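These notes are about the structure you will find just below.
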Amino acid sequence: MTKTLHAKSLKVGVCYYPEHWSSDMWDSDLEMMRHMGITMVRVGEFAWSIFEPKDGEFSFQLFDEFIERAGQFGIGVILGTPTATPPAWLTYKYPEVLNVSLDGIQFQHGLRRHYNYNSPVYQQYCRRIVEKMAKHYGENTHVIGWQIDNELNCEIDVFYSERDHEAFRQWLTVKYGTLDRLNHAWGTVVWSQTYTAWEQVHLTRPNPSHSVNPHQALDEKRFISNSVMRFVENQTEVIRQYAPHQFITTNGIFGHLDTHELTERYLDFISYDSYPNFGMLADDESLRDREWSFNLSVARSVSPNFCVMEQQAGPGGWVNRIEQPTPLPGQLRLWAFQSLAHGADAIVFFRWRTAPFGTEIYWHGIFDYDNQPNRRVAEIGQTINEVSLLADKLAGSLVQADVALLRDYNNDWDGEVDTWHGPYTKKSVKEWFRGLQTSHVPCDVLNLSETTQLADLRRYKVLVYPHPVVLSERVTELLEQFVSAGGILITGCRAGLKDVNGHCRQVSMPGPLKNLFGVQVSDFTRIQGAYEVPNLVWNGDESSSGCIHAVDFNEVLQPTSEDCTVLATYDRNYYSGTPALVQNSFGKGTTYYYGSVFTRELAKKLIELTGLVDTENKLVSTTEEVELEIRRNPLTGDRYVFLLNYSGQPQAVHLHHGCRNALNGELIEGDLVLDGYDVLVCEVPDGGATARG
Ligand code: GAL
């Protein structure tokens, strides 16, 4: 069962810090929120020193009063557990709760996220404060749900305190049972790393080569993920006990945490924090703020309907670190609709008013320090009005996609260390996403794990698994079953190289995928300046050369099956004329193996070849600048087609069939113009034109 947000109606909220403001301001703030259509506030996630000013002395007065008043204004409260900010009295008394860097430097009190997950003392203190809060607020009808901690593994996702080293040893004892097995899995025979007693085993530590044992490094990430889960469970257990009617979520998706497993086991749904303004600083090659659509697709792969717990409400900035331009008129609204287009059923803006003190004095809220109406207040107000028009119809509707980009945690984590594949995956995924976005082909992200079922794959016509270097036998079988039943699978270089311990397989590549792709890798090289970047030559036609580059890594392919056809060859280096891209038939399906790293141009070519652009049933034609996403209500069958213009220039849109503009009720058809940063949501009743871009 997938954990998802079951909302009957879309909800809009705001992050609020009652402890930052005089209580005299609360009523006017809440009144203004009600006036703007805000029905939720998230509070409390950093307020440990308010809830427990001294060890064992608890005080709920401030939040009791605020929550009561919020309730009177019809505003529901999401309560954060304050465990991202252990108070000074705690860290002073028990320095063991603090996190330590790889170099052995202990982090100190002063900002946030300075704790480690494995200190038993910290776990006890967290459990106590969360238990007190859950007992106190569990029956409070104004409290609708809980956010665990804040952005687990944000800011830092490695932990090297003594308690972490100890817990790692315990975790390894359970995983491997004996040192022999551990030594084998970590390949410790290399360079005399063999361990003869458990005390000798540690998390990765500084060493003269500034490198790591890759198998140990992979286990370290699995261990960190497991530590976070136990840390979360320690809190959800008590909340479930005392607050069974309130939901539990957490916000953000960060490194070294299997957010899919976390959500499945302990949460009701995932929440994501969306700050597309970071993208405005990126280079022109990127999709800039539109890249956030990929992040939102990852959130959707965890919970098909999710909450955006922090939605950008102004320019972001820390006093010394993060700097962002002011969102242009229209962009805040555009980004809110971007979240909705990708499956969000709740949006909570960060934050109500900019803090006049602290590290985040430049992380701007809806209101500025002066608390006066401004451009952002007006734009967000308009957005909330429009969201309310969609609220009942759109809630629970699901994003539609025929293609999914496959990913998994083993490859993400191994790829952080292994530069012979990690950067390739990052590049290929981005290029595929960009190719799909600009071809107006909506796509999902699908996380592969040992619990993934064939039915999860069969929801798609095409799967793209760019570089599955670490590959288990079970996932190989799933992929074979998917293709055999008629699916299309596309993959790139280095596939099948490693087993789940990260050991290279002692067979020719692509190892277990050889049959599926009907191919063998007979030679390979990194490009790295030593070789020229080849072009692809299609079907031996030299004139096709020059459009698509085989970047970063080249594998020389050798078909091993009669059904395998060479689609393109390399045009230079000593392997000029050898196969670079092949197509194979397997059962009722088709596979494509590419011996290199994907570019947007090749992705577009494969999008065409695999028939992902449905020209016959097209509803909309528009320019590359416009994103197209479709949500379908599973009960009514009605579809909502989102068109989002990320450019400042007006863009042409052609609607091939008549439909209703869901934001103003007008009937629309034919040629339209979408203004710079504007949004259009078309309502297509069930049985209307097949909505595909
Ligand atoms: C998020 C965090 C918020 C706030 C915001 C702006 O990552 O959860 O508490 O810090 O960024 O920096």
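Just so it is clear, glycine is given a Cβ too, placed from its N, Cα and C backbone atoms.
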Figure out which of Arg112, Arg351, Arg353 sits with Asn150, Trp318 in the substrate site per TrEMBL. Arg112
Rounded to the nearest Å, what's the C-alpha distance separating Asn150 (substrate binding site) and Glu310 (active site, nucleophile)? Just drop the number here, would you? 11
Compute the mean position of the Cβ atoms of Arg112, Asn150, Trp318, which form the recorded substrate site, and then list in sequence order the other residues of that chain whose Cβ is within 8 Å of it. Phe46, Ala84, Leu111, Arg113, Glu151, Cys154, Glu155, Thr359, Glu360
List the helix, strand and coil residue totals of the domain 'Beta-galactosidase C-terminal' (637-681) as derived from DSSP. 0 helix, 29 strand, 16 coil
Restricting to the same chain and to sequence separations of six or more, state which residues have a Cβ under 8 Å from that of Glu151 (active site, proton donor). Ala84, Arg113, Asn251, Gly252, Phe254, Asp273
Give me the count of other Cβ atoms within 10 A of the Cβ belonging to Arg112 (substrate binding site). 16
Quick tally, other C-beta within 10 angstroms, Glu310, Trp318; top of the recorded positions is Glu310
Measuring Cα to Cα, how far is Glu310 (active site, nucleophile) from Arg112 (substrate binding site) in Å? 17
